Every structure is written in C-alpha cells, then in structure tokens.
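Trainee: One structure is given below, represented as structure tokens, and several questions about it will come after.
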C-alpha cells in the first residue's frame, strides 16, 4: 500500500506540475501576522505588566519546544483536537505544534518528576481555527500562563490565580471586568440530578459551553435534537444555568434538595464557598461571579474553572453590561500530570492563561484613537553634522558614546546632513522616533574641542 | 487519484492499528530541550546584554510568525534547504518552519515596502540537522539578529555590525575572541583568477566553507575528486585561503598581479580597506582578521561576510589559540529583498546573528563549575506562621503586600509551618530560592498589632 500510495502521489505531482505554476504571493500564512515596531512596543508594555505580576507572586519561568511528540497532545483536547497543526512526516518522530502551554507543562512536570512548582510561561501556541483577526483571534497567538503545581491547603492556589487575573486586568486598565467562576464537579453533579446519562456528560458540557455565544433556545435544541437528550433533562439544565451570584447562591444551592444529595456537587459547592471566603480576604469578591453556565471547552479540567470577560461601558438602554469576550481563563486540572507519569502519579495543578491577543487589539485601537505617539526606539542622542567630510570625527564620537552606554544613532547618509542643518536652524526639527538630543559635530566645534548638544524640544544648545 | 490515495491510507491505518500500539515515550522531540528555571535565569541575563546593545544602537524590534509559506523559503538556502521542517498538508497553504530570521525579515521589508530600518529580532529557528546537543547544537534554537536595511555611505552599517559583535562578546565576558572577515566578491574573484569555471563557484565555495572543520588536504581532495576541479586550480586556491591578516594583507592583495585585474575582487578589497579604517576609528581593529578561508554557507550573501569565534586560552605547547566554534556570523545581502519584491526593487541589507545556544552552553558550564547560586525567583518576602489556624491573617498580609507591589510568597502547607518554626529558631534557615526576608505572623504579634520581619542572612528581627 505504501508503495502504491507513493506511486500515485508521484503521478499526481507530475500531472499537477503545470497547474501548480502560479504567481508567488507575498503574505504571511493565514491567521498569522507580523508585529511592527509600534505593535511590539505595545506588546512589550503588556508583557511587562503581566511578568511583573507573575514575579510578584513568586513564579519561576520555564520554556518548552514549540512542537511536541504528536502522542503527547493526543487525547487531551476533546473535540478541539482537529485544530492541532501536525508537522510533515519527514522521517523520524511524528510532531505537532503545541496547542496550549498547559499540556507541555504537565509533560515537563512528569518528565522531571517535579511535584511542586509555581511557574509562568509566555509563548506562542497554534490552532487551525477559522481566524477572526479583526476581533483578535489568530491561528498563531500568545498565551501567558501562570500555574501552581503541588499539594496545598484547599483553594489557596485557586484563590491566588483569581487574584492574579484581578491584578493584571486592573493594572492594564482595560475597563470594567467580571470573572466568572464555576466547578466541573458542580456541572457534573448538575447533569446527574437533571437526568443526563453519564455517557453524555462531556457532550452536554460542550453545549453548555456555547451559552456565551448562543441563546439558550439554540443550545437547548442542540441538546434535544443533535444530542438526543430528553426535553425534561434539558429544561431542568436550563433552570440551573441561568443562575449566577455570590456566596448567597452557593449557600442556596447547598440547600437545594437535589444538588445537595449529589456527592460531587456538594464537594464542589463546599470548595467554592471556601474560595469565596478567601476572595473576600483578598478584597476582590465583588468582581467574581459564580455562574452555572460557565463550562470551559477543554477536557482536562477537574475542579474550579473560571473565565474573565471585559464589560462594555453601559449603553443608554441596556440594562446589563455586555461582555466583549474572554481575556483570561483557567482552572484546576488534577489528573493531567498523571496521564504522563509512567506510574500514573498525580500532581494537583491549577492555572490561569491570559489571552493576550484580544488585549493587544483593544490597546492598539486605543493608541490609534488617542493618537498617542509610541516610541519604538530608546535612542537618546542623534549624532549629525552639516559637513559630509566630518565622517571620521562623527564615527569617533559615536563610538565613544556607544562605549559609554549611551543609546545613540548616527545619520551618515545625505538625509543626515540635511537633518543636521535643520537641527542647526531655528525651525522645527524632524528628528526620527522622538530622539530628544542632537549632538552636532561642526568645523568650529572641532577647533574649539567641543560638541554642540541640542535639546530638540526646547531648542536649547550647550 | 486523490480518492484512491485516501482509501489506501485509510486501509493502511486500519491494518496498522495494532502495530502502532507501543509504549508512550516521555520526552521532548529529538534535538529540542526544555529550559528549566535555572537555565532561563542564565538565558535572560544573556538576552538582556544583547538587547541592551541592540537598543544602544537604535534598533527597533519586530516579530514574525514561526512558520512561513513554503514558497517564501524556497531557493534561499542552497544545499541546506533539505533541513527545512515542513508542516503537514492539512488543506490550505503549504507551510514551513522558519530556518533563520533573515529571510522572514526580507519578506517583511518587501511586503511592507520598507526601504530603511534598523531592527532586531530574537526568536527560535528550526533546522532538521543532526543535533550535537552537548556542543550546544539543537534543531530548535534561538537566533538574535540585528540588521540594517537601506542606502548608506559604503561600509558604515557593515562596520556597525562588527562593532555590535565586539560589544556583545566583550560584555558577555566569554574570553578572548576573533572576528574573521571576508567578502563574497573577493571569493568569487579569487575563484575566477584560479581558473574555477563560473558554474562551479557556489559548490567550490561550499568546500572552502568546510575549512574550519577539515584540513586543507581533505577539502582539496573533495574539490578535485567529487567536484572535478583541476588540481592546478585547487592548488592555486590553496595558496590564497591560507592568507589572513589586516590592512597590510588587503594592500598586498590590491597589488596582487592577478586579483587586482579582477573587477569583483578589486571592489571587495577596496570596500574591506574602508571597513578596516572604520574599525580602527571604533578601536576594534585588533580583534578583526581578514581571512580568505571564510566562506559562510548561505546563498544570499553578496558582499562582506564575517564570523566570530571564541579562542581557547593558550595551552602549553600550542603556538596559536584554537577556535572553539562560531558564536556569531553575518554579512551583506543586497539581493534578498528584491527576490520578494514584485518589481524586483532591491533594498541593500547587512546584518549579524548571535548564535546564542553555544553561549548558553558555555555560561551554564561556568555556573556549574563555579557553584554560583542562581536565583530563579525575585521573591523578597516569605510570609509564614507557626500556627496553622492563622491562615486568614496570613492571607490578609499576603494580599496587602501584593497590592503594595512587594514580591511575596506564602507557605500555606504543612512544610510552611515547619519552615516558619525553623525561621524562628536560631538555626540555619532553608528558605527556598534565596528569599532574603521572612514575615512571621504569630499570636503575640497579632495581639501587639505587628508583624515580625526576619532577615534570613543576619537573623536580625524587627
């Protein structure tokens, strides 16, 4: 069969020889983009805020390869596995581009037998999704992950993750936000008491996950139609998933005649109660909403799950603020490391991922709108002269400045001379990139053994 | 044919179902590695030195996707093209992982019609080479590139690139080094006057490129044997490629009866002369050696080429210091952007790439040998208490410290209490990761409304 396939493919390549001759298209691959210096400046500001927060919380940093053995990713992402990029089989191992940073982290822990670590990891991940780039969705995008692995008092690391989301979204000044919280055990308990058969838990959970994009009616008809759930069970779920609130709702559900009889749900509710107490101690409970409609797509979550959404400023006639999309999410995954450990040893983990691309989009639009000037270099001095023949003198000065650690640029082409003349005249000076100082090398200055330094903004000279 | 192939492949997958069942291997792909927190700490130090230098020279930063359209990379790397990683054809575009940062940069310039920029780019590149990981060679590795694109006075940007290599290698304190310089035009002129047929320039150049790994005799026999060059031509080349020196050698070759008659060689020698004058002005000429054996592998160079090697400390009986391998390289590529531009418009470029993995290996070994303790977190305070029940009080303190921007960690498991006790006792304190201060929350302190702060090194308490 292998030979036959090779033969056929070769034939196809030959047949297709002519039709493949097409004009070369100058572009980046679908769903990807370059970052210009201006975009990089914004990106680095955001990373700086995030990394500062992660370090404040005592995290170490690791890095892993951009691709993993295909097997490492197999069976971790449920329905989304079809979005994984595979590398071509060029002999040797079968490889795939990483889909997130969580599975490589779990693989790293198992491989190095690490049972206790607080780490962050900022890197690109890859999903063959249908990109909606204007809304900040790409096939190649950054994730900023912070995770805590190890045995701790219940809900302490979980509360810390929520605190981190709160700190980062506050520091980035993105406007009002809300962090929705739920627990996979509560969801599973809810499905059980609503009469969903065990075998349908995962697929019904996927349907619930769509509630942030679809109205309940559509989700219900997917459950009853495509997924053959009984209408009664669906309606029962429909009652639960519209609930959201705080500690009061948790207390109420702990008294719920059905849920309180379910072991998993009870455990989940008990833990959430503890979590909310800690969030109150951290002073961030008001931004957190226990929301029974939150499901999260990924397979590996086992406990608390959460997702942060930005809220649009209230419009005239809207009663409730509308979410403009998730900018962070995460949860507890106590089973994932055990999937990699040869002896199945578990390492409890909880983590958060900051979805940076949407944040970039918002900040880019804001910079655009405000017409704020973003500097893309840190150059402090521009060395220029009005005479071309002074090149040697300029090079000496330039070298001296570099060696002294001064950030410096030199204009050494014809434009540079014109510029220096402009700088010497009293007119406005078009210094590139907002360089604040110009050092001018001229015949007279050389004779006097000095350099003229001009402040671009004030036009003062010394 | 497509249908037939799909059918056969499906059959094969079914047949192969059993043989594919093998034990899962817990590893990273061949030729790749994870970076542990300790390695990341070293890596970030190195990056910091390099980025500081790039910024000092007024560079902006850009980023490009990890993969490019396969066509973008086609025809740029000569014999090395076989090392490119392709992605699997999953429908849509044919993609390859980037092989270096230079070709994506040229694509970026052409795509955005940029004719003038000084930029740096630090990112991973991919080569399906046979990895020699102990010597710092990987299939996934970082490159740190600095390039200057645009029309400038001759040799000014070229001299700046060499200045940058000099600054970075000096700042990293890697020991003595040498930067070899040559020019593709001199090589081509040399081949011409030695009687190499035009059609063999590139392949003979590849042979010369091996001179840093093989003795001349082997390279000669490759030229004469495999590549069917006349023995006279080979011997003639053999005389030239052993030459190395400074301005004196350039002057000598400008008088060489044969080379001086070759237009290309004369151009190259003239430019090198200018370059060496600038290097003298920059005060770095003594580390630069004009070396006629330097060829560089890549196809796209058109002018000056260079490569920096670290020199081992002189041994007892060795007369000359021995290079331990290239840590930086680069050159001028005036034709590459034009290959992407629909109208073939050229943008002259020169750039340098710092080969960071070998530098990491050296610094890692040095840290290992010196037993220097590398901190992997920046945590300033550890909050601990001797009593488990004080959790709430600890959480409040922790939250207060975070909100004040203090880098803080809390011990909230049983180990934490033991640790706090140790910290309170007079014995040595095993504070993780070198945290300098411990804040102790105790019953008595709470009554007094204070927190006890302990300096781990001096054991002083306030």
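Here, residue 1 is simply the first one shown, and the rest follow in order.
A Cβ is built for glycine as well, from the same backbone N, Cα and C atoms used for every other residue.
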Trainee: Which of A:127, A:128, A:137 does TrEMBL put in the same L-histidine site as A:100, A:101, A:102, A:143, A:147, A:296, A:300, A:301?
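Mentor: Among A:127, A:128, A:137, only A:127 appears alongside A:100, A:101, A:102, A:143, A:147, A:296, A:300, A:301 as L-histidine-binding in TrEMBL.
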Trainee: Would you mind pulling the longest C-alpha to C-alpha span across A:100, A:101, A:102, A:127, A:143, A:147, A:296, A:300, A:301, which the record has binding L-histidine, in angstrom?
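Mentor: Taking every pair among A:100, A:101, A:102, A:127, A:143, A:147, A:296, A:300, A:301, the longest Cα gap is 21 Å.
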Trainee: Just name the most isolated of the binding-site residues A:102, A:143, going by other Cβ atoms within 10 Å of its Cβ.
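Mentor: Lowest Cβ count within 10 Å among the binding-site residues (A:102, A:143) is A:143.
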Trainee: So which one is it: of the binding-site residues A:100, A:301, which has the fewest other Cβ atoms within 10 Å?
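Mentor: Checked A:100, A:301; of these binding-site residues, fewest Cβ neighbours within 10 Å: A:100.
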Trainee: Just to be sure I understand the packing, how many Cβ atoms besides its own are within 10 Å of the Cβ of residue A:296 (L-histidine binding site)?
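Mentor: The answer is 21 other Cβ atoms.
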